[in-house]
Amino acid sequence: MPRKTSLDGVFGLAVKSFQGAPRFALRFQCHTNLQEADKRLTIQDTSQLGRWKLSGVPPEELKNGRVAMLATMGYIVPEYFRFPGDCATGLKFTEIPNGLAALTKVPGAGWTQIFLFLGLIEKGIYTYDPTRQAGDYKAAGVLGVPNGSTMVPGEGRNRKLNSELANGRLAMMAIIGMFFQDGLTGSAWGDWAAYTDSPLRAFENELGVQAPVGYFDPMGMSKDGDEKTFLRRRESEIKNGRVAMFAAMGFITPEYVRFPGYLAPSQQLKFTDVPNGLAALSKVPFLGWIQILIFCGMVDFGLYRADPSRAPGDYENGGILGVPNASGPMADAEGRKRKLNSELANGRLAMVAITGMLFQNGMFGTTGPAMWGF
């Protein structure tokens with residue numbers, strides 16, 4: 001049976017996340033010295049995030065990206081091709097496993113050869129020169145061929161340098177995912193089903209476990225397998241997601257529709273006088289906040305009270321779409337499961353969305369077109 005090497009596991013997630021990245025309206029303010037660095041490198045922004053600098057400086061990013069691209073190819077190629085003959089006396093290349101397991105098979109003399117070769121490359125052929133552009137070595141030609149031909153400066157060269165940066169960034173994510181998957185499943189390109197020691201097995205069939213990430217718990221909060229704690233967190237996730245969906249709609253709707261009349265007749269404050277977004281916090285009267293808190297308390301502790309004997313987010317008085325005492329639950333079990341999964345996914349998206357809206361609103365000081373990047 002051929003091995004699965006297409007978009008699988010963590011590596012697949014890395015590829016999909018880069019291929020399908022949405023256009024964010026979020027803008028990053030670039031400091032002058034970073035803009036000057038871009039010009040100095042003759043590399044322009046290609047990503048939808050603009051210049052996104054978390055740590056490190058360009059020379060290290062280029063070097064790490066190049067190593068990661070070689071490492072990623074080195075993880076894939078041995079699945080299909082091996083050198084013939086012996087790696088060492090009595091040890092054939094075909095006997096060395098792919099991935100992390102190879103660390104225990106390579107003999108000491110082999111590691112010595114590897115380190116000597118790396119030192120020769122690093123300190124002999126491709127020596128860092130601060131007078132040249134980042135990642136540009138005197139002895140290196142196109143594709144890093146020693147003393148090979150070089151490209152003429154221009155648009156074509158810039159495009160290829162941008163491609164190298166983008167591919168290097170993707171490769172750094174990919175190789176980390178490969179290491180992670182290899183370490184947990186016991187083999188390169190191992191099936192996640194082989195990770196039998198995972199504490200997440202207790203929850204892998206729960207609602208919300210959806211492709212492409214499956215059960216997503218990067219911080220390991222559920223590694224103890226405590227079902228009671230899991231249900232409490234799921235209750236919180238559903239509630240926060242529902243609130244976030246209302247909040248996201250509430251951020252958009254007032255841009256087009258407002259209630260007529262007065263919000264506070266005693267203060268001659270009309271609904272149309274209250275700005276949208278964060279600026280509304282300073283306009284709503286004190287008694288208005290009291291009404292809001294009382295209403296939220298009635299809904300949370302009176303109408304939709306959590307019941308440990310029921311599924312998280314399932315309230316006795318709540319019908320379809322949360323309408324009090326409406327019809328429900330759905331008779332179609334598969335259709336109900338699909339809709340509950342959709343609610344969880346939409347709630348997760350809404351939590352991210354409202355966080356972004358608040359951040360952008362605070363940054364640009366408006367909920368108008370400027371906030372949305374128009």
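Cβ coordinates come from backbone N, Cα and C, glycine included.
These features come from TrEMBL:
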BINDING   S222, E237, Q267, E343, N346, R348, Q360  chlorophyll a binding site
BINDING   R242  chlorophyll b binding site
For the binding-site residues S222, Q267, N346, Q360, the one whose C-beta sees the most other C-beta atoms within 10 angstroms: Q360
Spatial neighbours of E343 (chlorophyll a binding site) that are distant in sequence (at least 6 apart) but have CB under 8 A: I238, G241, R242
Maximal Cα-Cα distance (Å) across residues annotated as binding chlorophyll a, namely S222, E237, Q267, E343, N346, R348, Q360: 51
Cβ neighbours of R242 (chlorophyll b binding site) where a neighbour is any other Cβ within 10 Å: 17
CB contacts for R348 (chlorophyll a binding site) [other CB atoms within 10 A, all chains]: 17
Residues near E237 (chlorophyll a binding site) in space but at least six apart in sequence (CB under 8 A): G208, L344, G347, R348
